[in-house]
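Below: the structure, in C-alpha cells.
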C-alpha cells in the first residue's frame with residue numbers, strides 16, 4: 001500500500017511540474033507579445049530616427065521635345081528604349097552626409113547635380129552588360145552645398161516605362177524601407193537554402209538505409225529556389241560585390257525550376273509518369289541551353305528568352321496538376337496523400353510568383369514560394385518517414401509471407417513422407433488456430449497471434465526431416481529404440497529453425513515443446529504445467545486431435561465419441577485442463593470441423609481431394625499388409641498432386657491392371673504425355689495420374705489404352721470414394 005501511495009504522490013508532483021512549466025511559458029509569450037506590439041513606449045529609450053523624405057513633387061518631364069510638370073512615381077507614355085529627362089530642385093535644407101535614392105527598373109539611369117555627373121548606371125557603363133540591365137537602387141551622396149541645386153535624371157526604360165519615387169535621408173537611412181521589405185524573403189530564402197543543403201546531405205548519408213531520392217530531389221529544388229530568390233532579392237546590392245552579374249544565374253535558376261520540380265514529382269509519384277516528366281525535363285534543359293547559346297552569340301538576350309522558359313514552367317505545373325488529378329481519381333494518390341497537399345500548395349504559389357512578374361507585383365516576390373517550400377518539405381519528411389515505417393512493416397510482411405510459403409512447402413514435404421495421412425501439418429495449423437480464436441478473449445490473443453499460431457502449426461513437425469524413413473513410416477508401433485529416435489524430431493526442428501533465424505514469434509517454442517505433457521512426463525525437457533509455453537500447449541491438443549481423427553499405419557481413426565473421451569481422460573495429465581475444457585466446448589458445439597472424411601484428409605469445405613484419397617488408400621493397404629512396391633514413390637506422387645491442387649490443377653488418377661503388365665505399360669507410355677505420371681503400385685496394378693486433362697482428353701486416353709490392351713481394367717479413384 002505504501003509503495004502505491006508513493007507512486008501516486010510522484011505522479012501528482014509530475015503533473016504539477018508540467019503544468020507549472022506550461023504556465024510560465026504562457027506568461028512569457030504574453031509578455032513578449034506586449035513588448036513587441038505595445039505602442040505605449042514613451043518611457044522607453046529613444047531609438048533614433050530612420051525617417052526618409054521624398055522628392056516626388058514638381059518634377060519637370062522632358063520628352064520628345066516637350067516638357068510638363070509631373071509627380072513621382074510616374075508611368076510613362078513612351079516607347080521602350082526611349083530616353084527621357086526629369087529635372088527638379090534639391091531641397092534647400094540639405095546637410096552633409098545625406099543620400100538620395102531611386103530604384104531603376106531595368107533602366108539606364110544617369111544623375112546630374114548642377115550638370116555634375118554623380119552616378120551612371122547604364123549598359124554602356126558596365127563591361128559586358130546586357131541590354132536589359134538588372135534592376136537596382138541608384139544612390140548618390142549629398143551635402144550641404146547641394147542645397148537648392150538643380151538635379152537632372154536621364155532615364156532610358158528598357159522594359160517597364162515607369163519612374164519610381166525618389167527618397168532623401170541621412171546616410172544609409174534611405175535603405176531602411178528596402179531592407180525592411182526585402183529582409184523577410186531573404187531570411188526565408190537563406191533558411192530554405194540551409195534546409196535544402198541539409199536535405200541533400202542527409203539523403204546522401206542515409207541513402208543505404210532508405211529510399212533517399214525524393215528528399216534528395218526536394219533538397220536540390222529548395223537550393224535552386226533559394227538561390228534564385230537571393231539573386232533577385234532587393235538586398236542583392238548588399239549580398240553581392242558585383243550584383244550586376246546576378247542576372248546570369250538568376251535567369252538560369254528560374255528556368256531550371258520546372259525541371260527540378262519534375263524530378264521531384266516523378267520520385268513522389270513512383271515513376272508512374274516518368275516518360276512524361278522526362279520529356280518535360282529535356283524540353284526545359286534544352287530551352288536553357290538554347291537561351292544561353294543565343295545570349296552568348298548576341299542573338300537574343302537572356303531576359304527575352306526567359307519568357308519562353310516561363311511557358312515551359314507553366315507547362316510543367318499543368319502536367320503535375322494533371323497527374324495528381326489522375327492519381328486522385330484512380331486512388332493511386334493514396335500512396336503519397338500527405339505530399340499531395342504540399343505539392344498543390346507549391347504549384348499554386350509558384351504560379352502566383354510567375355503571375356506577379358507579369359503583373360509587376362514585386363511586393364509578393366519570394367515570400368509565398370518560400371512558405372510553400374517549407375510546407376512541402378514538412379509534408380515530404382512526414383511522407384518519407386511514414387513510407388519508411390510502412391516499408392519496414394511491408395518488408396516484414398513480405399519476409400513473413402516468404403517464411404510462410406517456405407513453411408507451407410516444408411510442411412507439404414514433411415507430410416509427403418510422414419506416417420500420418422496427408423495434410424497433417426495443415427490440419428494441426430487449422431485446429432490450433434481455431435482453439436486460439438476461442439481462447440482469444442480470456443488469453444488476450446490478437447488476430448495476429450491467432451494467425452501466428454496457425455503458421456507455427458504448419459511447421460511444428462519440421463524436425464521429422466531428420467528422422468529416417470524406416471522409423472517415420474514403419475507399419476506398426478515403434479520399438480523403444482525407434483521411439484527414442486522419433487522423439488528427437490522436436491530438437492532437430494528447433495535447431496533447424498534456430499539456425500534459419502526466428503522469423504515468427506513463438507515458432508521455436510512450438511516446435512520444441514509441443515510434445516511436453518502437463519504432468520511433466522513429456523519430452524524433450526520434461527516441462528510441466530504453465531512452464532510449457534502456451535503455443536506448445538495449444539499445439540499438443542491440436543496434434544493429438546488430428547492423430548486421433550486420422551487413419552494411422554497401424555490403426556483406423558477413432559470415433560468422435562472416443563476422441564472426446566480421450567481428451568477428457570488426458571486433461572490435466574497430457575493436456576492443459578483449461579485448454580482441454582475449451583477444446584471440448586468447441587467439439588460439443590460442433591464448431592470444430594474435422595478435416596478428415598473417414599480418416600482421409602479433406603479441405604475446409606469438406607471436399608476430399610484426389611491426393612488425399614490416394615494417401616488414404618495407401619495407408620489402408622499398408623494397414624492390411626498389401627505388398628506395395630514402393631510406398632515412398634506413392635507418397636511423392638501425393639505431394640506433387642497437392643502442389644498442383646493448390647494451383648487449381650488436378651490429376652485424374654486411375655488404378656489399372658491387366659494380364660500382361662508389360663503390354664499395359666507399353667500402352668500407358670504410348671498414350672501419356674510428359675506431365676503424366678505412372679507408377680507400379682503392386683506387382684499386378686499400375687497407378688496412372690493424368691495431369692490437367694479435359695473430359696475429351698481423358699476419354700481419348702482411356703479408349704486408346706483399352707484398344708491396345710483389351711483385358712485392361714481401369715478404375716477411377718473417385719469411384720473408390722463412391723463405393
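Including glycine, each Cβ sits where the backbone N, Cα and C put it.
If you check TrEMBL, you get these features:
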type	residues	note
TRANSMEM	16-37	transmembrane segment
TRANSMEM	185-206	transmembrane segment
TRANSMEM	218-239	transmembrane segment
TRANSMEM	245-265	transmembrane segment
TRANSMEM	277-297	transmembrane segment
TRANSMEM	309-329	transmembrane segment
TRANSMEM	336-359	transmembrane segment
TRANSMEM	365-386	transmembrane segment
DOMAIN	399-599	domain 'HD-GYP'
DOMAIN	421-548	domain 'HD'
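The list of residues near the transmembrane segment (309-329) in space but at least 6 beyond its ends in sequence, with Cβ under 8 angstroms from a Cβ of it, reads 254-255, 257-259, 261-262, 265, 269, 272-273, 276-277, 280, 283-284, 287-288, 291, 336, 340, 343-344, 347, 350-351, 354, 357. Sorting the domain 'HD' (421-548) by DSSP state (H, G, I as helix; E, B as strand; all else coil) yields 87 helix, 0 strand, 41 coil. Counting Cβ pairs under 8 Å to the transmembrane segment (218-239), the stretch among 185-206, 277-297, 336-359, 365-386 with the most such contacts is 185-206. Within its own chain, the transmembrane segment (185-206) has Cβ neighbours under 8 Å at 212-213, 215-216, 218-223, 225-227, 229-230, 233, 235, 239, 365-367, 370-371, 373-374, 377, counting only residues six or more beyond its boundaries.
Between the transmembrane segment (245-265) and the listed ranges 277-297, 336-359, 365-386, the one holding the most Cβ pairs under 8 Å is 277-297. Note on the transmembrane segment (277-297): residues 130, 251-252, 255-256, 258-259, 262-263, 265-266, 305-306, 308-309, 312-313, 315-316, 319 of its chain, located 6 or more positions outside it, place their CB under 8 angstroms from a CB of the stretch. Over the domain 'HD' (421-548) the predicted model carries a mean pLDDT of 87.
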